[in-house]
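Now, the feature entries from TrEMBL:
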- B:Gly157, B:Val158, B:Ser159, B:Arg160, B:Ser161, B:Gly162, B:Lys163, B:Thr164: ADP binding site (BINDING)
Protein chains: 2
Amino acid sequence: MTPSKPVRTAFYVSGSTAITAETLGRSMLTQFSEYNFRQVTLPYLQNPAQIEAAVLRIKLAAEEDGSRPIVFSTLTDPLLLKELRRSEALVLDLFDAFLVPLEREIGQPPTLKSGQSHAVRDLNSYRIRADAVHFAMQNDDGARTTYYDQADLIVIGVSRSGKTPTCLYMAMQYGLYMANYPLTEEDFDDLRLPKSLLPHQHKLFALTIGADRLEEIRQQRRGGSRYASRQQCDMEVRAFGALISRFQIPSLEVTEYSIEEISSRILAKTGLRRRLF
Amino acid sequence: MTPSKPVRTAFYVSGSTAITAETLGRSMLTQFSEYNFRQVTLPYLQNPAQIEAAVLRIKLAAEEDGSRPIVFSTLTDPLLLKELRRSEALVLDLFDAFLVPLEREIGQPPTLKSGQSHAVRDLNSYRIRADAVHFAMQNDDGARTTYYDQADLIVIGVSRSGKTPTCLYMAMQYGLYMANYPLTEEDFDDLRLPKSLLPHQHKLFALTIGADRLEEIRQQRRGGSRYASRQQCDMEVRAFGALISRFQIPSLEVTEYSIEEISSRILAKTGLRRRLF
């Protein structure tokens, strides 16, 4: 939080996980830089007493902040939503805004069941996800290279370029079989690919990162070490760049990106088909 | 997909990752059971030529399905959005619907920068996430118990109850330090907790699962084995239930839930404070 800005509270209110309300609300709030938004998630509100308690919390936040809170809601029960609208807040209900045009288009009333999108544990997608997460864990950090024939993609990069979180995110969200392999100093000596990667060149995808950022991340991890030194980071970044250019390995420059953005860009660049939606 | 239902296409259109459009769109579509929705994500659309290509894809889908596609958009560029609205579809723009009331409330125009919510790679939250994911991987499946003093929560359950994906999801989304420990037949002999868990009883959280579902999951994994047999699943489920009841370990019955819902329910039940938003 930037201390100089006034604080305003945003509530995410839902009859279920509140993931949808959070995702949209956060997107919206990043469009307004005037406030520091304090974010409060209130999931699983399913009866009038729970709504009443939420309305009270909203009122207290309004008093504390000196401004109306902003409430992003995905309540599907019209009575609960009506109660919520009594609160001293700007209440933006996502279903309210979109269900009416959708109903008109589709010609069928909505089921109004709460939280369908994150609640359904369909056995097949559960298995796809669990298997993909398992694969990512077993094939993390070059630990094992014998299953690379089953991998959808093998992510390569220098240490601390974001390979592990990217692979796990892509496994979890897309159900893809993601392996990753770290390239280290020794691999750069002769500008060759490690032997275990050679048979899988077509599956390689490189994460590149600026030396500045790499140094920053490594200093946080092992401050003052040779590993984290500017010279070492410079060398690895340069050598890795030469290697992927030599072998024409597709790559993404990740310095400015979050894990979500890295993952969705890799998906778009490679054209891999996700197994989960 | 249910083969008997007509197919209709939903597009998620964005200048950035399209994660927000996907999340909200999916929530909406689960409210309508009349169609099988084919979902197409079109991320990173940033110029008129890309929008034109999207409009063409939408047109082709309309012809193929014999009905207008539904387009969920988070385009922030008014000109691109105007182009998109020319397509033969119901175009629902999320920013359009909510930015106007928000602007009025906040008294400041939106920045209209695309994809702020998933794009910003803030070094601090990047580190929190990477460290939490690292912790979850190192402390998966009882592999190591020496770091349990650093854990926020230690998830216990029988094999295949969903511990690993839950811990990774909570690490990734909430930045929490999640360990997990599988309880097996040997642990049930005398209704005691394994020694390594004893000093951390207050951090334990149990996932319980119905024997039916457990059998189904294990059969997919190791069909016909004793491990997957109904008798074995029944025994483990019963013994695990007795153990957590004896030690009064808080628990969640996960049979019907997705990983997202398990995670958000654990967060709500334990009152743990997330480190990431």
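Our numbering is plain: 1 for the first residue shown, then up by one each step along the chain.
Using N, Cα and C of the backbone, Cβ positions are placed for all residues, glycine too.
Using a Cβ-Cβ cut-off of under 8 Å to chain A, the binding-site residues B:Val158, B:Ser159, B:Ser161, B:Lys163, B:Thr164 reduce to B:Thr164.
Annotation: B:Thr164 carries the greatest number of neighbouring Cβ atoms among the binding-site residues B:Ser159, B:Thr164 [cut-off 10 Å, Cβ to Cβ]. In the structure shown, across all protein chains, B:Lys163 is the one of the binding-site residues B:Arg160, B:Lys163 with the greatest number of other Cβ atoms within 10 Å.
The ADP site is defined by B:Gly157, B:Val158, B:Ser159, B:Arg160, B:Ser161, B:Gly162, B:Lys163, B:Thr164, and by the 8 Å test on Cβ atoms against their centroid, the other residues of the chain that qualify are B:Asn180, B:Pro182, B:Leu207, B:Ile209.
Under a cutoff of 8 A between CB atoms, and with a sequence separation of 6+ in the same chain, the neighbours of B:Val158 (ADP binding site) are B:Pro182, B:Leu183, B:Thr184, B:Ile209, B:Leu214, B:Glu236, B:Val237, B:Phe240.
Here the Cβ of B:Gly162 (ADP binding site) has 27 other Cβ atoms within 10 Å, regardless of which shown protein chain they belong to.
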